[in-house]
């Protein structure tokens with residue numbers, strides 16, 4: 001049964017006894033098309049997806065198809081177990097949580113699945129053998145938008161097990177959309193680490209010529225084995241070409257583009273390292289990193305009764321009051337500029353603070369730090385109990401608050417922890433180089 005299809009497309013495939021992985025030939029509008037039926041993620045219920053011989057996928061409406069012929073039924077997939085694949089004396093453990101970074105497309109069956117075994121990963125990228133002995137595990141296979149705090153805990157526990165077994169580092173394959181949330185969660189959860197935990201993803205799927213999968217994975221393994229720091233980091237393309245990746249601190253990184261391969265950038269911080277793909281060398285860019293420890297200490301728990309509030313002109317205090325009455329324990333505000341909302345929120349925030357709700361302020365600008373002492377509105381909001389959170393990214397502040405609330409109930413103690421630099425999330429000194437200047441009069445658009 002074509003499980004990924006629905007509506008008219010599903011009816012068409014069922015009528016002709018076709019399934020994902022079958023090779024078919026069909027005729028429409030006098031044109032014959034041959035290909036493998038692939039899974040679909042389209043919202044259109046009358047489209048089927050075929051993988052052509054040239055490797056490209058096309059979508060075809062099932063309406064008015066004149067003829068369809070089965071060329072070959074799909075080949076049965078070999079049964080594969082999920083879980084750890086035992087490799088003695090591994091140096092780097094690869095933990096897959098989803099995404100396309102280590103996915104393998106089986107054109108014989110139309111299936112897309114994670115590359116499970118170390119042998120498959122090495123087949124995917126033989127150069128790995130020259131870098132490290134690896135082990136691999138599928139923890140779960142989910143889209144990153146479906147990531148949850150309880151999954152962060154499982155990832156942290158598996159990463160600790162891998163480090164405790166003697167691996168020099170851990171690579172976590174993760175979808176890119178929520179990778180920064182997970183990297184922040186792991187950063188706060190690990191108090192001590194014997195080696196790096198490297199989150200890596202892919203902006204382009206592994207079946208595309210422009211895929212960044214291979215380079216990102218290989219350089220991440222290099223970082224996990226050889227980097228001198230004991231931190232949670234994100235390693236992704238540093239530019240649009242295939243020359244180097246950048247290693248970002250897990251609490252100071254953000255996805256800043258929807259599709260570019262170099263979408264991830266350090267915000268209010270410099271990358272920790274630059275990894276040269278051709279030379280397979282790590283260039284340390286900052287000595288301000290957490291050193292490796294002799295043991296791994298994990299404290300992973302989160303309270304998700306929080307809310308990330310983006311202020312905008314016209315936001316009603318009544319809406320925020322209703323939100324607070326829902327039982328949340330904390331709010332992170334993305335305020336304007338130096339950290340502002342309308343002064344109309346003074347009474348709402350004051351009451352919430354008295355009721356024990358933590359309210360922290362970050363900036364929509366992302367770059368720079370909040371300073372609520374400059375203007376009257378900022379000073380009033382502080383009087384109401386709003387806490388300025390330095391140069392923390394909104395998403396990082398949200399995850400930190402979830403971690404803090406799981407450990408403390410006293411509001412004063414919560415404020416104290418939120419203003420304590422636990423994992424490098426607060427940078428007290430900003431340099432000129434930390435702000436990217438995207439335009440220097442060098443490009444003239446025609």
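Just so you know, the numbers here start at 1 and follow the chain as drawn.
Cβ atoms are placed via backbone N, Cα and C, with glycine included.
What Swiss-Prot annotates here:
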type	residues	note
ACT_SITE	100	active site
ACT_SITE	176	active site
ACT_SITE	177	active site
ACT_SITE	255	active site
DOMAIN	90-421	domain 'Asparaginase/glutaminase'
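Sequence-distant contacts of residue 177 (active site), defined as residues of its own chain at least six apart whose C-beta falls under 8 angstroms from its C-beta, comprise 144, 145, 255. Comparing the active-site residues 176, 255 on other C-beta atoms within 10 angstroms of each C-beta gives the minimum for 255.
In the predicted structure, the domain 'Asparaginase/glutaminase' (90-421) carries a mean pLDDT of 92.
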